[in-house]
Amino acid sequence: MFDSVKIAWLVALGAAQVAATALPAFNVNPNSVSVSGLSSGGYMAAQLGVAYSDVFNVGFGVFAGGPYDCARNQYYTSCMYNGYPSITTPTANMKSWSGNQIASVANLGQRKIYMWTGSSDTTVGPNVMNQLKAQLGNFDNSANVSYVTTTGAVHTFPTDFNGAGDNSCSLSTSPYISNCNYDGAGAALKWIYGSLNARNTGTLSGSVLSFAQSGSYGANGMDTTGYLYVPQSCASGATVCSLHVALHGCLQSYSSIGSRFIQNTGYNKWADTNNMIILYPQAIPDYTIHAIWNGGVLSNPNGCWDWVGWYGSNADQIGGVQMAAIVGQVKQIVSGFQG
C-alpha cells in the first residue's frame, strides 16, 4: 500500500529532478477514472476514452484535439489546421472494432464528454473539433456532452490565472498555457465528475511524486519519468480518492517545459480539495523517422503523443503501446482500492 512504500516527494518540481521511484498503489476507486488532454494529448484522450472506455469509465475531455482514428485513412495534416477531416471511415472503424479492438462503443452513451476549442486556433482548429463532436454524436448521449468555444483563444491550454511564464490568450507559443479568463481544467473536471468543492487557490496541501515510466508503465516515445499530484487527503490511504489523467500536448512534456504543465494548468488546484489524484504521463521527443499510418514517414521531435501510428498500426486500439502503458499506470494506482 502507498504509505508502506518509500518514495521521493517533490514539494515543487525544480531544475533538479529527484530520482523516480516505483509507482505506488493508492486507495482509488477504479470506477472513478477519467482523462483529458491538449492537442496530441487531446487526440490521445479521445483514443483512451474510446478504446478503453471500460477503464476511463467516468468520461474524458479533449482540448484542441480531433476525431478518433483520424489520421489512419487520410494524411495526418488533414486532421490539423482548420480543415474538415473525413470521419466516415474512422466512425465505421469504431463500429466494426467495437468489443474487439476497442471496448464496446455502447459505453460512450454513459460517459461524460467535455470538448473545448479556441475560435482563433489555426493548429487544430474549431472545424477539426466539430468533426470530433459529430463523430462522437453517433454514440454518445447529447445530455452528457459539453462543447465550449472560447472566442479569440489560440492553440493553448486555457486557464483563468497568470502562471509563471504563461501567455496571453491570443499567443500560441511555449509553454502553450494561457490566461484566457477560462478555467479549462475546472470546467472539464466539473463536467466529468459533477459538483465539486471549490478549488484551492492558495498553497496546496499535497505533493508531486515522480515515478519510473519503465516496464509495463513505459513505451516507445515516452520519457523514463512520469508524475503524480497527490493531495494530502489521498496520501495516507484513509480516504477513497478518484483519478484523473492529464495529458500534455506537443512541446509540453517535462523535457520541453519542465514542470509548467503540471503546475500551471490548474488541475492540482481542483484535485487538492476533491480527493483526486492527477496522473501526468510524459512523452518525449523522438528524432527517429518512423512509418506512420496512411503510408507516410515522420519523426516526432516535438514529443507528441501517438495519434498518427508512429509506434504501431494499433496505436489507437487496445494494446497500442502508449495507451497500454498509460492504462498500466492507471491499473497500478487503483490497485490499492480498499472498497
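Just so you know, glycine gets a Cβ as well, placed from its N, Cα and C.
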Cysteine of Cys70, Cys169 paired with Cys79 via disulfide, per Swiss-Prot: Cys70
Among Cys180, Cys234, Cys304, cysteine joined to Cys250 by disulfide in Swiss-Prot: Cys304
Residue from Ser39, Asn144, Trp307 whose C-alpha is spatially nearest that of Asp121 (active site), among the recorded positions: Ser39
Nearest of the recorded positions (Ser39, His155, Trp307) to Asn144 (N-linked glycosylation site) - Cα to Cα: Ser39
Nearest-integer angstrom distance between the alpha carbons (Cα) of Trp307 ((3R)-hydroxybutanoate trimer binding site) and His155 (active site): 17
Other CB atoms within 10 A, centred on Asn144 (N-linked glycosylation site): 16
Ser39 (active site) to His155 (active site) - Cα separation in whole Å: 8
